[in-house]
2 protein chains.
Amino acid sequence: MSEIREDIITGDHVVISSERGKRPHDFNHEETTNKDDYCPFCYGNEDDTPPEITATSSNPNRKENEAGWDIRVIPNKFAALDIDADLKRQNGFYNKMTGVGAAEVLIESPDHEGSLGTHGLEHTIDIMRVLKERHDDLAQDERLKYVQIFKNHGGTAGASLEHPHWQIMSTPLIPTAIRGELDGAEEYYSENGNCVFCDILTEETEKGSRIIEDTEEFTAFAPYASRYPFEMWIMPKEHQHSLGQISEEQLKDLVKVLQKMIRKLEVGFDNPPYNIVLHTAPFLDGVEKKYHWHIEILPRLSINAGFELGTGNFINPTSPELAAETVEDITIE
Amino acid sequence: MSEIREDIITGDHVVISSERGKRPHDFNHEETTNKDDYCPFCYGNEDDTPPEITATSSNPNRKENEAGWDIRVIPNKFAALDIDADLKRQNGFYNKMTGVGAAEVLIESPDHEGSLGTHGLEHTIDIMRVLKERHDDLAQDERLKYVQIFKNHGGTAGASLEHPHWQIMSTPLIPTAIRGELDGAEEYYSENGNCVFCDILTEETEKGSRIIEDTEEFTAFAPYASRYPFEMWIMPKEHQHSLGQISEEQLKDLVKVLQKMIRKLEVGFDNPPYNIVLHTAPFLDGVEKKYHWHIEILPRLSINAGFELGTGNFINPTSPELAAETVEDITIE
């Protein structure tokens, strides 16, 4: 029997359909990443990308835009938004504005064959720290309202290049999904006097059946109204509205949990396509007590089809309880 | 220069990014539909589907669930929703309800190799008439609030079977996307005293640059805030909130436009994956003047990646003006 579950944050509904899980071709996935010999993200091709925004290197003598970096952040060569544009609005029957915003790429390491699940711990902490620094830097730009940090892994998750990377995009508007979470969180706060995300953590910890990993600083769990099969969220236990608030110690704990979840996906599902999206507070006053930043890991094992596009709701063939149990049981070493 | 356009109905924003159109791998598409020899939708395999709900046949002696049908509607064997379930709600920290609803499949014709763009006119009118009849029938069920009619074509658009078919799903809730359109339409109506969809038709007809096809009863156009490259909407000129209001004459005109748009896609893009979603009014009083049913054709030429999943907003690499011009220029005979 299917269930229709309500997302306590957004009010959106998800069909948790155990029947669908039985389809013979569910969870087959193909990797369609471009396997071209040439990679603009590898050492030696630094000139083929726009000049770097920042980079880390263990070599203090390394020059900008040359090889020898450990992590490199560059503007997206095919940027959908332009940080140098003037913010102009044009209102009429329809409204529009210029496409102002950041579109950056963080190259995770020089290792083309590397993966987020297998990088060294210290290196991965550096990656997350640089992402946080880019967030904090873009938060200073008064034209911008939000920073979306995300990762596409695998062709069917939208990665046009195989070399492991993240993207950082900043928009002059609060995106629809963030608006939805924020509206729900504000409503919950005014009714209950609490952060809905904090209350979710309390509820999930009590129940336990959707918890995948629980450390001192972070909880990884399969959300009650998961939209994607094996969707996993990682949330700080301490109430923090913004990624900008994470401490060095928490960063380390986050990376341990994140790498473990990704490694479990890589091993348990034979390197599936996935997206990671980091939801953090938009740059607005008054959201500090209500919003709570978190990471969503979204495996792309099923296809959004006409039902999802038409209704804006999801059919998920795997219950989050089954997902949590399955992921917990994947042995990675 | 990219533009951020506001959808006048929902208020959602879309990045229209001409830069992105330059990506070398944009608009390559692969068909991943299962090419198994066995097809449960072909003649002779009627016993392998659940018993039919309705069928048309030119043979008056044809028996139910045997070959000889022209169009056949069956319950989805892998149904995500169950029309026979009892509607039960369970509220607590999280809320849920039983998965009540219809999940039907309309098999377009016995011809496995056929396509919506190439069926005969009269046959395609029959298809649309049967879809309308299913809508009207499900609208009688007081537990249900909405009927989502949609079509998945091609593996990357979510079609798990190649044999041309539509799906009809009915839900006990108003879906998120319909709620969003309805809220926007109600706001527009209270501010302007008009149906926003009717005003869009007036504006588009005046401007002309996004119109693809204009007949006596229907307009096909690329919407101003198109989310998908080559997204096309087909809208009745007469104000009708519900598909249930379409006349026999209008049905014929609709099919002419729909087939032309699909045939242009098939020819111009080498049989690409696409979804069709039909948005019609939910079963609510008071929406009659405000909502306006329409068909959305959504080619699946680009991939929704981390930006789209994270923000709920879209980056569209093809402006609707370019899309309209391109589709208009595709010669289909």
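Cβ from N, Cα, C; glycine included.
As the structure is a computational prediction, the values presented were derived from the model and not from experiment.
According to TrEMBL, the residue from A:H112, A:H239, A:H241, A:H279 that belongs to the Zn(2+) site alongside A:C39, A:C42, A:H163 is A:H112. Listed in sequence order, the residues A:P40, A:F41, A:N45, A:P110, A:L161, A:E162 complete the 8 Å Cβ shell around the Zn(2+) site centroid, once A:C39, A:C42, A:H112, A:H163 themselves are left out. Around A:C42 (Zn(2+) binding site), a 10 Å sphere centred on its CB holds 15 further CB atoms from the protein chains shown.
Within 10 Å of the C-beta of A:H165 (active site, tele-UMP-histidine intermediate) we count 20 further C-beta atoms, all protein chains included. Close to A:H163 (Zn(2+) binding site) in the fold, though at least 6 residues off in sequence, lie A:C39, A:F41, A:C42, A:I107, A:H112, each with a CB less than 8 Å from its CB. Using a 10 Å Cβ-Cβ cutoff, A:H112 (Zn(2+) binding site) registers 14 neighbours. Taking all protein chains in view, 17 other C-beta atoms sit within 10 angstroms of the C-beta of A:C39 (Zn(2+) binding site).
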